[in-house]
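A.B. asks: Annotations per TrEMBL:
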| type | residues | note |
| --- | --- | --- |
| REGION | 1-46 | region 'Disordered' |
| COMPBIAS | 15-26 | compositional bias 'Basic and acidic residues' |
| COILED | 128-327 | coiled coil |
| DOMAIN | 463-799 | domain 'Kinesin motor' |
| BINDING | GLY548, GLN549, THR550, GLY551, SER552, GLY553, LYS554, THR555 | ATP binding site |
Amino acid sequence: MTSRNQNRPPRSPSSKKEGVESIPLDKRRRIGMGRTGGATNAERKPFGSVNKKLDVAATSDVGSCVEGSDCGNVEFTKEEIDVLVNERLKMKKFDHKGNMELVSELNARLKVCIKWFQKRDEAHVEGEGKLQNALDALEKKCAETEAEMKNKEERFSATISELRQDNTCVQERLVKEESEKLDAIACHRKENEARIALEALQASLSKDLEKAQQDILVANQRAASVDDMYKRLQEYNLSLQQYNSKLHSELEVARESLKRVEKEKSTIMENHSTLRGHYSSLQDQLNLARTGQDEALNQKDALANEVQCLRGELQQVREDRDRQVAQVQVLTSDVVKYKESTGESCAKLEYLMEKTKSLEGTCSSQREQIRLLEHQLTATNEKLKMSDLSSIQTRAEFEEQRRNVHDLQERLAETEYQLVEGEKLRKKLHNTILVRVSFVLICEALDDGTNKTSLVLQELKGNIRVFCRVRPVLPDDVAGSEQPVISYPTSTEALGRGIDVIQSGQKYPFNFDKVFNHDASQQEVFVEISQLVQSALDGYKVCIFAYGQTGSGKTYTMMGRPEAPEQKGLIPRSLEQIFQTSQSLIAQGWKYKMQASMLEIYNETIRDLLSTNKSSGAENGAPGKQYTIKHDANGNTNVTDLTIVDVCRIEEISSLLRQAAQSRSVGKTQMNEQSSRSHFVFTLRISGVNEGTEQQVQGVLNLIDLAGSERLSRSGATGDRLKETQAINRSLSSLSDVIFALAKKEDHVPFRNSKLTYLLQPCLGGDSKTLMFVNISPDPASVGESLCSLRFAARVNACEIGIPRRQMTAQMTS
């Protein structure tokens, strides 16, 4: 491999000295500690001894970095990461081992930083999963609590219905007692009338029985005492009426308290339904319930006092009754003497005694009713206490759940903030130009000379990455070769990166960024480029194109078979990832707008594959609509009059891809029954805005399926197919000329020699992230074409292009 430093002017010793002196003092001290083991810069030693010490220092330094990254728990701050990412290495021209030490040291630190970030990312994902599980458990617990509250509401409603039924029964009993009391009052009136008649009879008897005037006077006095007793009975009846009215008023108060209880129950039900947002109203209603309970307790005390008073009055009535019984017995003994004259009076007195006994029975029944009411009141108080306890317990559970929800919300907010910071750090680390060369490759560069060393240094400046893919052997391939023409080296430094092609017994080795054998699946290939596709959402211009001979699997790699999920190509998988990632970034405040366009370059003519009004003249070879390629000052490419479609869903992209596949030019040759006869270019323009930070990014994703290179002797093309083959070979030859000019760093690069190279100018010579897939066939008859494709890919991999820049139009200053 030729050196790429041949065209560079040699550096003078003075410039080398100035480069050494421009290194900061602290960095020189760190480098000096690893190299010379504490020797000063002023000391001079033989060149051989210096080289030996450099070898030992490089080995120990890199080994310690690797061990530290594997065993130690290293923590990084944001400032340390910024310093590590923005650190620029200053290389010396002739001190290759020193340069390799610097590169290996930076690589080891970057690996440690990346591993630390991966661990942090895994910890964030695990914490987010735990928070989600805890949130689901709390939601489930809330649902169970709501179900329990519904059950309690049903029990309360059943209790209220029972209380209403008891209330109706009590009302019916009170109505019945009122009717009985009215009957007792009517009987009292009749007794008063009878007493008046008895007095008149006694007066007539006094006139008739002059002899017994004294006895009659005694009888009159006794009758007066009976009148006093009757008056007392009337007063007692009045007191009973007053007590009845008081019971009515207490019943009304009990009804009002019951209504208040019902209102409080309804408010409790409403508070349970709106438990999270109306806690203050629940406290107010709880205070009302407590005041109602206090009122009920006061009423209970008043009723107890009244019952005590009634018991005293009843005792007094019993004493009066005993006295009356004694008086009646005396009167009966006196009346016996005057039985003939006062027989009717005795009968009436017995009737009055019976009435008195009936009144005593009525009083006892009323006492029983009072006891029943007291029992009902105690039961109601107990139910109120139970409802108060359940309300207090529910409020405590609500407070605990609210605290848990608040803690979860705080932890979720903290996790989202850490996720946003981690995403920013991921973008910064991913889009930083890293040295992707292992320590073994550095040692080989030291052994082989300056050629590989220059390759390592050029990777820092931004090379085109190249992936190689070998398609499986098909039944139509030429058989008869005992040994395969393609093999894969098994050495550690070339595993997964090297490929050997055997032609006429001679082996031709090639090394690329990644090599996929014939067993590699579409998913395995896409995993390797998924992070490059992610860069388009981060605001970079990304270009991925497939190159190779006809029948090598370019279209299968790029498009695949969209109807089979496992055989989807890079284009549908990349678009699915972009849409899924854009949806996940909505939570971080990002909103994306995407526009898609598809074209093909057929016989050096641009065709719009999404146009709905294609002219028949263009299809028949006559000149149709003319499309012009334009590049602006920012490196953006536009094609005039090209159809651009706004897309919001992956289904829209799939429909556009099917439409483009039907419109694309394909043909049959001896090498492929369905050969692509044009270069297919898919472009997705991405505009993103973060509403929180006011940051705007603009990315472009170009996915290109080039037409296959083929030899006329093998393809057997004639007529239109011959013209197509010649146009394809001319455009690919122009692409080769551009690659050669870029490799030699010529002042003039012939981008305008073909429509293909002019369209790819920002990808090949600008600030884009470019990846090339070189597809080769394992067919022994295609060994020559495979060697040409691999050599061309090696030249592409050695080309330097501009450093990728992120397209940002505005950013909020912090």
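Backbone N, Cα and C define each Cβ position, glycine as well.
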A.B. asks: Among the binding-site residues GLY548, GLY551, GLY553, point out the residue whose Cβ has the most other Cβ atoms within 10 Å, with all shown protein chains included in the count.
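C.D. replies: Max Cβ neighbours within 10 Å, all protein chains included: GLY548.
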A.B. asks: I'd like the number of other C-beta atoms within 10 A of the C-beta of GLN549 (ATP binding site), please.
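C.D. replies: So the Cβ neighbour count for GLN549 (ATP binding site) comes to 25.
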A.B. asks: Would you pick out, from the binding-site residues THR550, SER552, THR555, the residue whose Cβ has the largest number of other Cβ atoms within 10 Å?
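C.D. replies: Compared across THR550, SER552, THR555, the most Cβ atoms within 10 Å surround SER552.
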A.B. asks: With every protein chain in view, how many other Cβ atoms are within 10 Å of the Cβ of LYS554 (ATP binding site)?
C.D. replies: 27
